[in-house]
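Copied over from TrEMBL, here are the features:
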DOMAIN    64-254  domain 'ABC transmembrane type-1'
TRANSMEM  7-29  transmembrane segment
TRANSMEM  63-87  transmembrane segment
TRANSMEM  99-123  transmembrane segment
TRANSMEM  135-154  transmembrane segment
TRANSMEM  175-197  transmembrane segment
TRANSMEM  233-254  transmembrane segment
């Protein structure tokens, strides 16, 4: 009986989690009339792809490309700079290392909304408003979570590997690139997947720092669909479906990396 109740709760929880996504899919293939005449949990009769065709025939492909470029740039920057910073915090000895690291990690507790205005003012002083530089610079050099994740992984690697490399005359950079980095593929894969997801879904900073179509990303474009009188929710859901599909595919095929991130951050 207990097992039955447990599975019942799990099924209900799974349904509650999946149902909003089901509504997105069903609504995306309805027209505005069907939205008001058909139950939300039923497909349109007939189903239509007019909204998808309209979006993909306009500027939406440009916004998708912008989002993809931003995601790739942020992911590459995160992997490179986070790896070097994490290695320094995990293996190099210098005064104030632990204090500096934990001060940096503590910034994860600061709400993003608190830092947005100062970052915007800095970008304005640098004349980076509505540019790719302004969109990327604040986050391309790594994040506290990424550095924490990689540091924990580096600390879990045997110290004997470095000692043997030092005996052979290798310096810190050689040790990192040729000895430790090949062992970091699981952690780097995990960091890459998490960065891709967070970058693809980022909204607040792109909304504030960009204003033109040349740098507009898909989340900001979706928000723009809600502006004005007579909002077309079927078009919004169609855009949401386009934005959702890549993330669903990534989660299905790479969910083990997402779970691994939780395990890695718990290592000593």
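Residue 1 is the first one shown; counting continues down the chain.
Including glycine, each Cβ sits where the backbone N, Cα and C put it.
Only residues 6 or more beyond the boundaries of the transmembrane segment (135-154), in the same chain, are considered here, and those with a CB under 8 A from a CB of the stretch are 70, 73-74, 77-78, 81-83, 85-87, 89-91, 101, 104-108, 119, 123, 128, 180, 184, 186-188, 190-191, 194-195, 199, 205-206, 209-210, 215, 261, 264-268. Annotation: stretch 7-29 has the most Cβ pairs under 8 Å to the transmembrane segment (233-254), among 7-29, 63-87, 99-123, 175-197.
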